[in-house]
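Engineer: One structure, as structure tokens, below. Some questions next.
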Amino acid sequence: VLVESLLVFVIVLSVHAVVWDRFSWCAVALAVQAFYVQFKWDRLLQLGGAVFQFRGAANSGLLPASMVIPLLGVVMKERCRAAGIVYFERFGIVVASTGMLLALFLSVLAVGITKPVPTNTCILTGIAGSVIIYTMKHSLTVSEVIEVLEVLLIFVYLSMILLYLLPRCFTPGEALLVLGGVSFVLNQLIKRSLNVIEGRGDPIDFFLLVAVVGVVLLGLFFTVLFIFMDSGTWISSLFFHMMTAVLGLGVIMPWLYRLIQRNPLFWLLQFLFQTQTRLYLLMYWTLLAASACGVVFYQNAKRSSESKKHQASTITRKYFHFIVVATYVPGLIYDRQLLYVAAVLCLAVFIFLEYIRYFRIKPFGQTLRHLLSLFLDERDSGPLILTHIYLLLGMSLPVWLFPRPCAPKGTLAGAGALVPYSGVLAVGVGDTIASVFGSTMGEIKWPGTKKTFEGTMTAIFAQIIAVALILIFDSSVNLNSSYAWILVSVSLVSLLEAYTTQIDNLLLPLYLQIMLMA
């Protein structure tokens, strides 16, 4: 925990060495108090006094999670300020302020339920809170303050509902990242739905907002419904499929139509088949999806022939990382907009299939339970299987969160040109190579962890090779003289992978994106 915290502090200070403004004081104050409160959360988790049931075999992860959203907002603000895009500069300030307030709320919650009340930690949290609120007072307009408070309110209610319904699925840090992100998306969708201006906004952004909110609302609806009826019967399953169609066609589609001012299905079909390159990419991705299904069926056939207790090895699970890299790299090189939309569709399908598995919806629910149980690891200790969804999110978030309006047209210069590749580098290449080499050839373990020195070093080396290959094959990337910063970024994130007990598929790409955007 101490080494993980040290690495996060180094990343925070590295970012603010480049981008130093009034929010830097807030970020440093937030990091210091999160470091102290993290130990209170860890103690609460050990004693079972944390109100909700959180994921075991991991620390609270409050410090690394607390800094992600504020740092993303700060680097987005600076990038858009340099590009002269005032709207997105203000948006970055709102993101940073929201992230700080959500992290502060989680800290206050831990301090409040710790008995006896920790005096020193209370003082630190009070000082950090005062600095953040003072800075927000002098940085945000009234409407922006209201927007930040709206997100906080949504986060509080979502946390109470989802952490109660889904015990042992998240650590406090993961809950902050996932539920904070969903809260922000929901607030953005409500805000944009109430202020629709024809021709304003990119349809693919609206598509992401509606898809995320749609699948979350769908899950909440069926969770409440199946409290009162058995979800495993044919009648319940038929009702599930009918209500999905009703909610999709009667709520989500009209909502999307209002935002993009055209028929969503016609727009989607026209978008997907617009060029020949897109057709080739879609056929190639279909082939890769079929091969991923083939791996699942083959491994399950192997389990049935060998032993009922057979579990997929680490190397077997990394096959899917290789498949995802093979999926994302051509999309990033040839058509990022198509990759953006395809990743949204894939996320919606993944979550919908998880609903079918979780609720045992006929005819595929029980089959999915049997097939996916082979690939479980210690992080899937709750009722939901989330690791494959986290993998997709880790690869997609750098593509979704890349501030396209603030990027220069044509060739992208500097380390920022690699931002969309953050997921590929951190998870697809770094995490995969570290895991494969560490588990097969690693001998020297990092102190206090199961991760090996050899795994981390090969991960850094592999990511540098991957950057060189990106330079060769993607003509839109020009790194100028930022090689040292890229090496430092990759090294810090690879070391963080060795020491963190949080979901690395989610955390590592975001930290690499922050470093590269800075």
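Numbering starts at 1 and runs along the chain as it is shown here.
Cβ coordinates are placed from backbone N, Cα and C, and glycine is handled just like the others.
Feature table excerpt (TrEMBL):
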TRANSMEM  7-36  transmembrane segment
TRANSMEM  87-111  transmembrane segment
TRANSMEM  117-136  transmembrane segment
TRANSMEM  148-166  transmembrane segment
TRANSMEM  206-228  transmembrane segment
TRANSMEM  235-257  transmembrane segment
TRANSMEM  277-298  transmembrane segment
TRANSMEM  319-334  transmembrane segment
TRANSMEM  340-360  transmembrane segment
TRANSMEM  381-401  transmembrane segment
TRANSMEM  421-441  transmembrane segment
TRANSMEM  485-512  transmembrane segment
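Could you give the neighbours, burial and distances for every feature on this list?
Structural biologist: Within its own chain, the transmembrane segment (319-334) is flanked in space by residues 277, 281, 284-285, 288, 291-292, 295, 342, 388, 391-392, 395, 399, 420-421, 423-424, 427-429, 431-432, 473-474, which lie at least six positions past its ends and keep a Cβ under 8 Å from the stretch.
Sequence-distant contacts of the transmembrane segment (340-360) (same chain, at least 6 residues past either end, Cβ-Cβ under 8 Å): 204, 207-208, 211-212, 214-215, 218-219, 222, 226, 231-232, 236, 240, 244, 268, 271-272, 282, 285, 331, 366, 368-369, 372, 383-386, 388-389, 392-393, 395-396, 399-400.
Residues 314-315, 318, 321-322, 324-325, 328-329, 332, 391, 394-399, 451-452, 454-456, 458-460, 462-463, 466-467, 470, 490, 493-494, 497-498, 504-505, 508-513, 516 of the same chain, all 6+ positions outside the transmembrane segment (421-441), place their C-beta atoms under 8 angstroms from a C-beta of that stretch.
Beyond its flanks by at least six residues, the transmembrane segment (485-512) meets 3-4, 7-8, 10-11, 14, 57-59, 61, 64-65, 68, 72, 171, 173-174, 177-178, 379, 386-387, 390-391, 393-395, 397-398, 415, 418, 422-423, 425-427, 430-431, 434, 446, 448-449, 451, 455-456, 459-460, 463-464, 467, 479 of its own chain at Cβ-Cβ distances under 8 Å.
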Engineer: Excluding the flanking five residues on each side, which residues at least 6 beyond the ends of the transmembrane segment (206-228) place their CB within less than 8 Å of a CB in that stretch?
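Structural biologist: Those are 161, 165, 182, 185-186, 188-189, 192, 236, 240, 243-244, 247-248, 251-252, 255-256, 259-260, 264, 268, 340-341, 344-345, 347-348, 351-352, 355, 359, 400, in sequence order.
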Engineer: If we call contact 3 or more Cβ pairs under 8 Å (sequence gap 6 or more), are the transmembrane segment (7-36) and the transmembrane segment (117-136) touching?
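Structural biologist: Yes, the stretches contact each other.
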Engineer: Under 8 Å between C-beta atoms and at least six residues away from its ends: which parts of the chain pack against the transmembrane segment (148-166)?
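Structural biologist: For the transmembrane segment (148-166), the sequence-distant neighbours (Cβ-Cβ under 8 Å, at least 6 residues beyond its ends) are 52, 54, 94, 97-98, 101-102, 105, 136, 140, 175, 179-180, 182-184, 186-187, 190, 220, 223, 382-384.
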Engineer: Determine which recorded stretch among 117-136, 235-257, 277-298, 381-401 has the most C-beta pairs below 8 angstroms with the transmembrane segment (87-111).
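Structural biologist: Checked against 117-136, 235-257, 277-298, 381-401; highest Cβ contact count belongs to 117-136.
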Engineer: Are there residues at least six beyond either end of the transmembrane segment (277-298) with Cβ under 8 Å to its Cβ atoms? List them, or say none.
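Structural biologist: Distant Cβ neighbours of the transmembrane segment (277-298) are 316, 319-320, 323, 326-327, 330-331, 334-335, 338, 342, 371-372, 374-375.
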